[in-house]
Amino acid sequence: MASDQTLFHYCLLTLYIIALPTWISLYFLQAPYGKHNRPGWGPTISPPLAWFLMESPTLWLTFFLFPSGQHFYNPKSFLLISPFLFHYFNRTVLYPLRLARNTTQTRGFPMSVAFMAFGFNLLNGYLQARWVSHYKDDYENEELFWWRFLAGLLIFVVGMWVNVRADKVLVGLKKQGDGGYKIPRGGLFELVSCPNYFGEIMEWFGWAVMTWSWVGFGFFLYTCANLMPRARATRLWYLEKFKDDYPKDRKAVIPFIY
């Protein structure tokens, strides 16, 4: 037990430590996939396979860890982990299938980037699953648990709807015409360049409220550090590629703010 607590605390500390370097590095250098794809990052694999492999630890590690948690027989722990699993089932299984079915691009996904993402998902999957199944200590506080869970779940569901809808628009655009990029339009795309990232940031803010923990907040913080610089770079990419055709009043990721 003591060794697991030590591992858990060091992993949680790592999650916070890597957030700032991630923000700074991605502000100047974008991970080379999607619109920012470029050579020089080693061997590549197909994007759908990359997404499946690098996101998968959030599923199999959760299922592996949960039975050993002291809250395994508490229905609230299963209820609480469900939104996390639902998101990652979409990201690990459904999104790669949509990507494979609707895109014709031949550019690969760098294995080096997929490996780094796999490592992060091992770290984060362990923290979230272990917290919910074992270390969370306020399940018995009925009123607080349900208020936090329902408020966070509402934010999470809205965010996931925004995320999935935006992903569907972007994947659909990839199969139009010659497979080149086009300006996304409609919905939140009229306000920000990356509503898919905005939706995901909303999701993990909702998760932080649901779990009411440093673990959940750390994940939300890292999500911002990862996605907000990339959204900024994506907005600049659109402006450079489409010039005056791209609406300059669109923010990067958060409507009216950033």
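Cβ atoms are placed via backbone N, Cα and C, with glycine included.
TrEMBL annotations:
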| type | residues | note |
| --- | --- | --- |
| TRANSMEM | 7-29 | transmembrane segment |
| TRANSMEM | 49-66 | transmembrane segment |
| TRANSMEM | 78-97 | transmembrane segment |
| TRANSMEM | 109-132 | transmembrane segment |
| DOMAIN | 109-258 | domain '3-oxo-5-alpha-steroid 4-dehydrogenase C-terminal' |
| TRANSMEM | 144-164 | transmembrane segment |
| TRANSMEM | 204-225 | transmembrane segment |
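The listed stretches are 7-29, 78-97, 109-132, 204-225; of these, 109-132 has the most Cβ pairs under 8 Å to the transmembrane segment (49-66).
When Cβ-Cβ distances below 8 Å are used as the criterion, the transmembrane segment (78-97) is approached by residues 47-49, 51-52, 55-56, 58-59, 62, 66, 128-129, 132-133, 136, 149, 153, 156-157, 160, 164, 167, 203, 206-207, 210-211 of the same chain, each at least six residues removed from its ends.
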